[in-house]
């Protein structure tokens, strides 16, 4: 299973399937340079990363004794759209070997924990049935639905275990319970990882070329860029994808899928249908109002979490992030445009999905090793890693990043192989 995952998220650009890789990633012919990190970069962030380690054995010694440039000079010269002075093999070598080990028992323990919390919350809410408690339940349960999605997401990447049957069974149970077609989503998400940062080929939250953006109906522009509508987009994306792309995650004949994937898509659609039928039956047993309170509203809280988190992993940084086309795109450069985010108390609840850069480059790493792997890789990544702002108990600070990005990140130029988001002043 591990080789299958490596092959689907390897470094050969834009191919849907890769041959079985060797034991290490293909090295970029560009000469490798590494910079010693400054002491300040090794300080842990409160509540997000573990305390600093001694990186002396992980960072190559410079070949010369020339004094390094000052922080101000380095900042002035840094171009986020330029090819990095390191490659995937350099990053991989910096990550401890145990971070790649998948423990199915540990993965299943998270499933048991989250499922127990979900049923416990529902039982408590139904027992008290108090309107003062329902809003707290909705937020907590919607967040737990999102946590279930992240565990199913691990199954889709194969980072849950090395057993593809266990990944498929667990993934179907987790995702179907929150009305996500497991295989349909898994395959389109694989496309996203294979093409992250590519203007035309990326799958989720990708930019619209200016000509396509300006030809959208006004209502479509509003639903895409005017809050709160983009935060409710996920179910509609599953049925019809994003503007400029056709197909459905439920249709085996969609251009999202290869002919040999038809059986997988039909299986997931059948599981989704069974869950939808179960919810309809529960409506007759418990009543639609009770089901709305117990499941319906938490489902939409989950949708908002999903759209909120996935959007901010690719948008909303203080500095504009590049998007690529043509020969300028590579798997590494695309992955380096993703962002880590700190969600405070939510970090542990949603399984550290905020450590997104290393996850995008190496999705086969289990979620419980992502924080350590990120710390180990940061000295290699240097300026290409953008340290997330520390969060309070709840990530309220990210609302400002979301609002600002929705006002500024509307389209990219129709031409150019390294492009940045531009704003439509008429949309404000």
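Just so you know, glycine gets a Cβ as well, placed from its N, Cα and C.
The domain 'Fatty acid desaturase N-terminal' feature in TrEMBL is assigned to 1-123.
TrEMBL lists 110-128 (among others) with the feature transmembrane segment. Within the same chain, residues 134, 137, 140-141, 144-145, 147-148, 151, 170, 174, 290, 293-294, 351, 368 sit at least 6 positions outside the transmembrane segment (110-128) and bring their C-beta atoms closer than 8 Å to a C-beta of that stretch.
According to TrEMBL, the feature domain 'Fatty acid desaturase' maps to 130-385.
Using a Cβ-Cβ cut-off under 8 Å and counting only residues 6 or more beyond its ends in the same chain, the transmembrane segment (265-286) has close neighbours at 172, 175-177, 179-185, 187, 249-252, 254, 257, 294-295. What TrEMBL lists as transmembrane segment is 265-286 (among others).
Under 8 Å from some Cβ of the transmembrane segment (292-312) lie the Cβ atoms of residues 122, 125-126, 134, 137-139, 141-146, 149, 178-179, 204-205, 228, 230-235, 279, 282, 286, 339, 341, 343, 350, 353-354, 398, 401-402, 405, all in the same chain and six or more residues away from its ends. Taken from TrEMBL, the feature transmembrane segment covers 292-312 (among others).
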